[in-house]
Amino acid sequence: MTRPENPSLPRDDPETDENTPSERTDKREETSSEPKAATIQPYTIFGKRHKRVLTVLLATASLTSPFTQTVYLPLLPLLGERYAVSNQSVNLTITFYSIVQAVTPALFAPFSDNTGRRPVTLFTFLMYTVASLALALVKSEYVGLLILRGLQALGASASVSIAYGIIADVCVPSERGSMIGPVMSATNVGTLLGPIFGGLIAWRSGGQEWVFWGLVIFGTVNIGFIAGCLPETARSVVGDGSQGRSRQFSLKQWMLLGPSWIGLPDVEKRQAVDSTPEESKRRVRFGNPLASLKIMLWKDAAFIIVLGGVNYAVWNSFLAMMPSIYENDYGWNQLEVGLAYLPGAVGVISGGVVNGRWMDHKYRKTAGEVGLIVDGVAGDDLDNFPIEKARCRDLFFVWIVYNASLASLGWVVQIKPHVAISLVLQASVGFFGTFLFFCFNTLLIDVHPESPSTAAAAATVVRCGLSALAVAIMQPLVQAIGRGWYLTLMTLLIGGAQGLGLWAIPRYGQDWRKKRREKLRTEWPPTIYSFTTTHSTQQTSDLDLQWTLDPLRGQTGSPLAVAHSSYVSGNLLSNSVMMSIILSKSADRRTTTWKQVLTKF
């Protein structure tokens, strides 16, 4: 059955000239009951120019949390003197930041999947900037320092999981690698650049206040960038990016959907139709904070999440080891120790850029082997595509070099030869470790297209938890067995786990994913399951009949959108209520079902 067509805006075809949006002629005849011939609907209206802007914006936003965490490290002696507390008390602020950093994505990611990326991002960065301002002004209250660092983490830590969601919103699977590469490289770069800037500012100013003032400026610039450039992309809210927008300007629409110059090109804006008040209504729906934890109960997701997390954890434990290495063993000052993080940053950045393009190449190569013609416009149906093989293939050489570099780095810092050797090995670990880290995290959002931010939040919870554990056990183990044996032990543990993963995931991952889908199919009515699994790629399915019965097709307040949001947030509705939502046609009936839905929430 062909899907009936709806009024829509002209699209900016990402595969054609980005400045000449191709006009869509597929308009639904409201007075006719006969469907027209189906046309290919682009996955998104966002073209290459838009994605370049989003890449820069998301990279800047994603480095905020790790940068804010590590920029604080050179300040620890100054903070102990200023607040007249012990080193243990100062270290408690680091632990508290890490705990909040781990929990925050589970709170905000389901919210962004349901209500939208833009309002959640603006709110969290506003919270971050206010907390940074308060830290710059608080002079002597230790309790205030502890609480405000937690608020800083609360405001900064949701950006990474939201960035994964935005990438899944605007990129088809065959193109995600080239966008994930630079964006996620910024996350690791933030960890490495933080000590450099923190040490430099503290060294020049002689106090911690200007570091916090610098974070205030950074947060304010981010808010301006987000407000001026970030459009709403959540597919449960705006579909392919064209829905829910009126050509009549309103402050509320601008705050919720973003500026029209990026989300809606000028030629489209002139031809846009007015939305009725019913169409433009938005409802704030809080997601289930436990939704990200539920994802970890599935075998395929748990395997991917843990393998990505152990890599990050060991890398962070070495970064925490670096100040004692270069200050105590090589006699470097605070600024020089900060500069020692640069080789690792260079490795991470270059690895992210190279690996992003390589992932896209591997996707196309795998598609050719299975006879799939890559659809860069509407996106590919991954249900029967071995995406696990595409992401994990050809990585055994990378895995060998990474683990050899990591173990060698441990023995180099143990025997202390020329410092250049350890710096080169840091760059190697950063470069090849990025390949493995991005492989698993990209695969995670590939296999969870219905809730990418929630899936990314699950990875963040595990990643930060493992990182905190690795940092906590690092010092006792180093004192007991030395740096060389510590990193050798970590290499054996994570190397063995990742080697097993690179062997098992391409062979069994697709079967695990199918079993998860079948389990969901038995738990949910077929209509709901079909909607949640096809909505993100606009694939034709047996849901077409229900599309014809839904007079508000694709609008943010439609019954289908409510059903989708309730699914991804973990809010379970009874089958009878679900079906009444889906099949409602009249305004009176829709009002009744809205009340039923709200009582269930």
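Heads up, the Cβ atoms here are built off N, Cα and C, so glycines get one too.
As the structure is a computational prediction, the values presented were derived from the model and not from experiment.
Taken from TrEMBL, the feature compositional bias 'Basic and acidic residues' applies to 21-33. The feature domain 'Major facilitator superfamily (MFS) profile' is assigned by TrEMBL to 54-513. Under the heading region 'Disordered', TrEMBL lists 1-38. Residues or ranges marked as transmembrane segment in TrEMBL: 53-76, 88-108, 120-138, 150-171, 183-204, 210-230, 301-326, 338-356, 395-413, 419-444, 456-478, 484-505.
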Next item on the list: Please check if the transmembrane segment (53-76) comes into contact with the transmembrane segment (395-413), where contact means 3 or more CB pairs closer than 8 Å and the residues in each pair are separated by 6 or more positions.
Entry: no
Item checked: For the transmembrane segment (484-505), sequence-distant contacts whose Cβ falls under 8 Å of one of its Cβ atoms, 6 or more beyond its ends -> 303-304, 306-307, 310-311, 314, 317-318, 388, 392, 395-396, 399, 403, 406-407, 409-411, 413-415, 436, 440, 443, 470, 474, 477-478
Next item on the list: Report yes or no: does the transmembrane segment (150-171) come within contact of the transmembrane segment (301-326), defined as 3 or more CB pairs under 8 Å with a sequence separation of 6 or more?
Entry: no
Check: Which of 88-108, 120-138, 338-356, 395-413, 456-478 shares the most C-beta pairs under 8 angstroms with the transmembrane segment (301-326)?
Finding: 456-478
Note to self: Can you work out which residues elsewhere in the same chain, 6+ from the ends of the transmembrane segment (120-138), have a Cβ less than 8 Å from its Cβ atoms?
What the structure shows: 61, 64, 68, 108, 111-112, 144-145, 148-149, 151-152, 154-156, 158-159, 162, 209, 212-213, 215-216, 218-220, 222-223, 226-227, 230, 255
Checklist line | Whole-number mean of pLDDT values that fall within the domain 'Major facilitator superfamily (MFS) profile' (54-513) | finding: 80
Margin query: Assess whether the transmembrane segment (88-108) lies in contact with the transmembrane segment (395-413), where contact requires at least three Cβ pairs under 8 Å among residues 6 or more apart in sequence.
Written below: no
Check: Who are the long-range neighbours of the transmembrane segment (456-478) in its own chain, taking Cβ under 8 Å and residues 6 or more past its ends?
Finding: 95, 98-99, 101-103, 105-106, 108-110, 157, 160-161, 163-165, 292-293, 295-296, 301, 304-306, 308-310, 312-314, 316-317, 320-321, 441, 444-445, 486, 489-490
